[in-house]
Amino acid sequence: MDIEVIVKQVLEELTKVEKSKTNSINASKEKVEEVIRKVVFNKEKAVGVDNPADEEMIEKVQKITPARIGIGHTGTRMKTRDYLDFRIDHAAAQDAVFKGVSEEFLKELQLPVLQSKSSSMDEYLMNLNSGRKLDEASRKWAEEHLPKNKQVQIIVSDGLSSSGIEANISDLLPALIQGLKVRNISIGDPVFIKRSRVWIQDEIAKIVNCDVVISLIGERPGLATSKSISAYLIYRPNQDTVEADRTVISNIHEGGVPPVEAGAFLADLLADVLKAKTSGVKFAQMK
Amino acid sequence: MYTCTVKNERFQFQSIREILAKASEEKSGDKMARIAAQSYLERMAAKVVLSELTLKEIFENPVIPYEQDEVTRIIYDDINQYIYKEISHWSVGELRDYILSHKTNTSDLFRISKGLTSEMISGVSKLMSSIDLVMASQKIRPIAHCNTTIGEAGRLAFRCQPNHPIDNPEGILASLKEGLSYGSGDAVIGVNPNNDSVESVSKILHMTHDFMQKWEIPTQNCVLAHITTQMQALRKGAPIALMFQSLAGTQAANNDFGISKEILDEAFEMMAKYGTSTGPNQLYFETGQGSEVSLDAHLGVDMQTLEARTYGYARHWKPFMVNNVSGFIGPETIYDGKQVIRADLEDLFMGKLHGLPMGIAPTYTNHMQADQNDQEIAGMLTALAGANFYMGVPGGDDVMLSYQDTSYHDDASLREMLGLRPLREFELWLEKMGIMENGRLTERAGDLSIFK
């Protein structure tokens, strides 16, 4: 929204306020009209430099980098709008980490909900190991209820972005499952694991004895997007597994690899990994 | 074994390593490593024992043995034995009182610095409060020279950090111009590359070098790839004024970083021979509390002591700048704003007492309990304490590394609020460009389009 439109709207609102005041004085029995100020904050790039030497040049370079440039200043500080814009992006990133996936979303997802050993958000963030193992009850449940000996096991993990899970999984998961079914690849029951990190997939893989385990997990949010997720997959992890054995596809979100496309792509990738019987660097080198 | 009774409660410590760890102010990384004090009173008991230890006791008990660790060897081999012996009978408490005394001046501190091991410097800072650390830091002004002179009293420098998510050269140039127009870039024009290949790194080196030539900017360029990549680029003739590397406080962590004394020695010699800058200080190091814990290479030593050891290692190569980025890893090492602010003050003081030209990046990631307000407080406090430089990131948002750091606006603000000037040579250039007048930004400042 450009400044002129905002100013115009504000002036209109003010006139309304004035009118409603006059009305109430003139007709005291009439109900006072409630004034609603609608404020919408739209993220838009604009040249904020006062009297620039070359405005066109600034507009041009603003298009080739997401960096916050050409924003101008008041004194030595950022102008109000840019300051708020920065704080809004940070707030969204914080919410993505700290809010947790909502109960309603988990209900809609209709997946079994398991728990890591992290009993609180603080523990999860400060003790990395606590998010890498299932708690006792979840482990038992998984051992008793999850189908065994399938080719692929899917895990959804909140990781560091619940917003990323809520924004992408409803599109990604069906696309991925559909893609695997078309290829006649057998799939175990997908699970959601609360407050979990990537390495928890090793424990799940061992319990269900699958060939490949894939985690769809929320990425650490940046200011540019708080809604990105990654897919980590590994072929038959064991005690000698190292990080280089995992294959990673990152940047899955509307502005990166869109979730539906990612689902189809991951189904292809899983088929290739099953055929190659290996993942990670070794898999990459075979191509 | 050491015991200490405080308020009728008796505490027991097995080693100096344990005393140092438990005397540390609360940080999540030490808790994750299970070496932190278990109670507030235990922390105080450890501080009391620490205050009574003599420098000799600490000297004779390095937290990681000399035979086992290259960092320990560098620290001990560089100690001036004569100066160490003069002060070896002091307790750590006496060392603190000496540092803070009105009778002790800057050159006294530079002198004892040569006789102090990193564990002594870490130890004494565990007995110091925020104001103690600021008062002491203000006294120590290490100066270094590459193309510009950094560290002089009354001056504050900035690294212009014009990163782009995919190294788009036009995008990097645009952010560079923006930074310069706010007076940021006198410490270095330093780009973090997305692509670590020799060709790509060389390209950015050439581009920044050519830009500096064209506009006659008195500063230095640097691309923060792995040091071995920069060395290869240098061999192929890329113009480098300042060479970068991240360091840690144990040999195990440095192995993970892919560096060693041999590599750093070679880099140092190569820069003297083939670097574009005047020197003699031609290296740029980055450090930060927590890297050893996150690599599981801490060997039971606390984050702050390991950070001090990193400085003891770094000073061997006489760097032009050492940048501390303690908030960069996340809540598992530094949990919140309070812990970042404390770490920044400790690191600035410890680096300075090692004789290093220190800068601070009061950073935070989005999964920490810290925000812009904490960052700005840490920035103001460390500027007051006499940090040599900060980073300059467009709008405080690094779009390549996905974290927040001081903005071009913050850079200009820190100078203005404390009456500090840019580095001498760079200030003259800013005046010539019409960006600064009498130490203040002009109407023309903040407009990248002045660089056509």
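The first residue you see is number 1, and the count goes up from there.
Glycine residues also receive a Cβ, built from the backbone N, Cα and C atoms like all the rest.
Under the heading substrate binding site, TrEMBL lists B:Arg159, B:Cys160, B:Gln161, B:Asn192, B:Glu286. What TrEMBL records for B:Pro193, B:Gln245, B:Ser294, B:Met400 is adenosylcob(III)alamin binding site.
The structure, with features from TrEMBL marked on it.
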| residue | record | DSSP (3 states) |
| --- | --- | --- |
| B:Arg159 | substrate binding site | strand |
| B:Asn192 | substrate binding site | coil |
| B:Gln245 | adenosylcob(III)alamin binding site | strand |
| B:Glu286 | substrate binding site | strand |
| B:Ser294 | adenosylcob(III)alamin binding site | helix |
| B:Met400 | adenosylcob(III)alamin binding site | coil |
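If you measure from the Cα atom of B:Arg159 (substrate binding site) to that of B:Met400 (adenosylcob(III)alamin binding site), you get 16 Å. The binding-site residues shown are B:Gln161, B:Asn192, B:Glu286; of these, the one with its CA atom nearest the CA of B:Met400 (adenosylcob(III)alamin binding site) is B:Asn192.
Across the residues the record lists as binding adenosylcob(III)alamin (B:Pro193, B:Gln245, B:Ser294, B:Met400), the two Cα atoms farthest apart are 23 Å from each other. The binding-site residues B:Gln161, B:Asn192, B:Gln245, B:Met400 differ in how many other CB atoms lie within 10 Å of their CB, and the one with the most is B:Gln161. Per the record's binding annotation for substrate, residues B:Arg159, B:Cys160, B:Gln161, B:Asn192, B:Glu286 show a top Cα-Cα distance of 15 Å. In this view, B:Arg159 (substrate binding site) is surrounded by 32 other Cβ atoms within 10 Å of its Cβ, with every protein chain counted. Counting in whole angstrom, B:Asn192 (substrate binding site) lies 11 from B:Gln245 (adenosylcob(III)alamin binding site) by their C-alpha atoms. Between the CA atoms of B:Pro193 (adenosylcob(III)alamin binding site) and B:Gln161 (substrate binding site) there is a gap of 11 Å. Same-chain residues that are not part of B:Arg159, B:Cys160, B:Gln161, B:Asn192, B:Glu286 yet have a Cβ within 8 Å of the Cβ center of the substrate site turn out to be B:Asn163, B:Val188, B:Gly190, B:Val191, B:Cys222, B:Leu224, B:Asn323, B:Met391, B:Gly392, B:Val393. B:Gln245 (adenosylcob(III)alamin binding site) has B:Glu286 as its nearest neighbour among the binding-site residues B:Cys160, B:Gln161, B:Glu286, going by CA to CA distance.
Each residue contributes its Cα atom, and for B:Glu286 (substrate binding site) and B:Ser294 (adenosylcob(III)alamin binding site) those atoms are 16 Å apart. Here the CA atom of B:Cys160 (substrate binding site) lies 28 Å from the CA atom of B:Ser294 (adenosylcob(III)alamin binding site). The local packing around B:Ser294 (adenosylcob(III)alamin binding site), expressed as other Cβ atoms within 10 Å of its Cβ over all shown chains, amounts to 19. Non-local neighbourhood of B:Cys160 (substrate binding site): B:Ser175, B:Leu176, B:Gly179, B:Leu180, B:Ser184, B:Gly185, B:Val188, B:Ile189, B:Gly190, B:Gly392, B:Tyr408, each in the same chain, at least six residues away, with C-beta under 8 Å from its C-beta.
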